[in-house]
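Trainee: Take this structure, written in structure tokens, and hold onto it; I'll ask about it next.
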Amino acid sequence: MSTSFPELDLENFEYDDSAEACYLGDIVAFGTIFLSVFYALVFTFGLVGNLLVVLALTNSRKPKSITDIYLLNLALSDLLFVATLPFWTHYLISHEGLHNAMCKLTTAFFFIGFFGGIFFITVISIDRYLAIVLAANSMNNRTVQHGVTISLGVWAAAILVASPQFMFTKRKDNECLGDYPEVLQEMWPVLRNSEVNILGFALPLLIMSFCYFRIIQTLFSCKNRKKARAVRLILLVVFAFFLFWTPYNIMIFLETLKFYNFFPSCDMKRDLRLALSVTETVAFSHCCLNPFIYAFAGEKFRRYLGHLYRKCLAVLCGHPVHTGFSPESQRSRQDSILSSFTHYTSEGDGSLLL
């Protein structure tokens with residue numbers, strides 16, 4: 001999915017009317033091996049981590065909160081994203097590539113999961129802003145019903161925003177590439193990359209930064225011994241998003257400039273191709289980190305993992321399982337790393353994972 005985000009261009013040469021052919025065969029070969037191994041790792045860790053989040057949320061007997069709804073949809077977005085990686089791995093190592101239908105579907109699911117995950121991260125930051133900074137005004141609006149409605153809207157937005165990324169994708173000469181109409185040949189790839197840079201990075205980062213800055217201001221204005229841990233977690237959320245996605249988006253922007261011949265030399269094109277593959281690995285692994293940032297940090301979720309482990313062990317050993325997991329029976333807001341996020345809101349707002 002490197003080059004022309006995230007089309008997989010397996011050509012060994014890059015041609016320019018005003019220059020000699022630039023050999024990229026060694027870069028392509030390295031990228032094939034490197035990305036194949038990486039996709040397998042991200043698929044494994046992303047699948048396990050996000051499935052645990054889904055299991056924790058769906059098996060809880062505690063009433064759901066609006067935060068639970070968003071966390072569930074974030075995990076589902078990441079699962080949709082990682083589910084496409086085995087198909088991209090097959091595409092990388094196979095000479096036959098993907099069939100036309102699989103090419104279009106895999107690209108569609110990839111981008112819907114990609115934008116959906118980033119949009120839900122943004123929605124979670126807005127929800128935290130409403131719960132803490134505007135607690136009194138937003139209490140009645142932060143219901144499960146509102147969460148479901150907003151989540152459906154986010155999925156619709158993700159599909160709408162993702163559609164330009166896959167609407168022209170098809171199998172062509174054993175490659176899964178964008179086959180654009182002649183009038184869009186030069187414009188559409190630039191629009192695709194710009195959409196990723198703006199809607200998939202710059203705007204979400206701006207919203208998150210504003211929301212968490214105001215949250216930190218509010219936390220510092222209140223006396224709470226858990227304040228420092230809450231602030232550290234907020235900084236971790238923003239820093240992780242910035243650290244994982246910034247290098248890749250810079251490379252996407254430079255890839256866009258390449259359409260305007262900003263990088264005429266072959267060495268620069270080779271470096272850009274290599275850097276795009278490497279930064280892609282960093283960016284895509286963010287979906288493996290989401291469960292740790294938004295869920296695993298919660299004391300209740302760790303208790304659920306312990307319960308799940310004991311339950312599986314009992315089943316494997318043939319022992320009956322006597323108790324079910326009920327976070328409500330182990331309720332302890334102050335024991336949760338994220339408790340300060342909801343401590344200023346109503347008691348009914350607590351998430352299973354927070």
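Glycine residues also receive a Cβ, built from the backbone N, Cα and C atoms like all the rest.
Since we're looking at a predicted model, the values are computed, not measured.
Pasting the relevant annotations from Swiss-Prot:
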TOPO_DOM  1-32  topological domain 'Extracellular'
TRANSMEM  33-60  transmembrane segment
TOPO_DOM  61-70  topological domain 'Cytoplasmic'
TRANSMEM  71-91  transmembrane segment
TOPO_DOM  92-104  topological domain 'Extracellular'
DISULFID  CYS103-CYS176  disulfide bond
TRANSMEM  105-126  transmembrane segment
TOPO_DOM  127-143  topological domain 'Cytoplasmic'
TRANSMEM  144-168  transmembrane segment
TOPO_DOM  169-196  topological domain 'Extracellular'
TRANSMEM  197-216  transmembrane segment
TOPO_DOM  217-232  topological domain 'Cytoplasmic'
TRANSMEM  233-257  transmembrane segment
TOPO_DOM  258-274  topological domain 'Extracellular'
TRANSMEM  275-298  transmembrane segment
TOPO_DOM  299-354  topological domain 'Cytoplasmic'
MOD_RES   THR345  phosphothreonine
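How buried are these features, and what lies next to them?
Mentor: A mean pLDDT of 57 is what the model gives for the topological domain 'Extracellular' (1-32).
Sequence-distant contacts of the transmembrane segment (71-91), counting only residues of its own chain at least 6 positions beyond either end whose CB sits under 8 Å from a CB of the stretch, comprise 1, 8, 35-36, 39-40, 42-43, 46-47, 50-51, 53-54, 57-58, 97-98, 102, 106, 109-110, 112-114, 116-117, 119-121, 124, 151, 154-155, 158, 176, 284, 287, 290-291, 294-295, 351, 353.
DSSP gives CYS103 (disulfide bond) a helix state.
Outside the transmembrane segment (144-168) by six or more residues, the chain places 64-70, 73, 77, 104, 107-108, 111-112, 114-116, 119-120, 123, 178-181, 184, 188, 191-192, 195-196, 199 with a CB less than 8 A from a CB of the stretch.
Within its own chain, the transmembrane segment (197-216) has Cβ neighbours under 8 Å at 114-115, 118-119, 121-122, 125-126, 128-129, 132-133, 161, 231, 234-235, 237-238, 241-242, 245-246, 249, 252-253, 256, 341, counting only residues six or more beyond its boundaries.
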Trainee: For the disulfide-bonded residues listed here (CYS103, CYS176), tell me which residue's CB has the most neighbouring CB atoms inside 10 Å.
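Mentor: Checking each of CYS103, CYS176, the winner is CYS176.
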Trainee: Which of the three DSSP-derived classes (helix, strand, coil) applies to CYS176 (disulfide bond)?
Mentor: strand
Trainee: Under DSSP, the topological domain 'Cytoplasmic' (127-143) has how many residues in helix, strand and coil?
Mentor: 10 helix, 0 strand, 7 coil
